Structures are given as structure tokens and as C-alpha cells.
Amino acid sequence: MADTTVTQWEYETARPPRDPTMEEASDPEDLLNEYGSDGWELIDTIDYSGGGTKYLVFRRPVDEGRDE
């Protein structure tokens, strides 16, 4: 019999880090690793219409016992 459990998700957005000029995003590796170690998965980005990433979008399964 197939498992019919529906996964419930929670979502989080974060701004990618900027270099000192604030014009370009710097390497987000540390931020991605931080979120990943807390169980978050990067699923999308929201970009400016003129170019560049405005937000990183993460999700993870809802855990009723998890402290926020």
C-alpha cells in the first residue's frame, strides 16, 4: 500500500550576502551551509528584474518538536 502522508513544509527567505560595494552578491557558500546544517534546502531564488538575486528561498519539512 502506498504511503499517503502529505509532507508539510515551512519556508524561509534570506538575502544573499553583498560585497562591500553592495552592488554584487558575494559568494553565499557560508550562508547556504549555515541554512543546510539547520535542515533547510535551497529551492529557488527571487531575482531583480534588472539582474541579481534579491532573495534565496529555502524549505524544510515541518517538525512539530523543533524549537524555532
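Even glycines carry a Cβ here, placed using N, Cα and C.
No curator has checked TrEMBL annotations; they are predicted automatically.
Broken down with DSSP, the compositional bias 'Polar residues' (1-10) shows 0 helix, 2 strand, 8 coil. Here TrEMBL flags 1-10 as compositional bias 'Polar residues'.
The compositional bias 'Basic and acidic residues' annotation in TrEMBL covers 12-21. With DSSP classes pooled into helix, strand and coil, the tally for the compositional bias 'Basic and acidic residues' (12-21) is 0 helix, 4 strand, 6 coil.
Under 8 Å from some Cβ of the region 'Disordered' (1-27) lie the Cβ atoms of residues 35, 40, 46, 52-62, all in the same chain and six or more residues away from its ends. Annotated region 'Disordered' per TrEMBL: 1-27, in sequence order.
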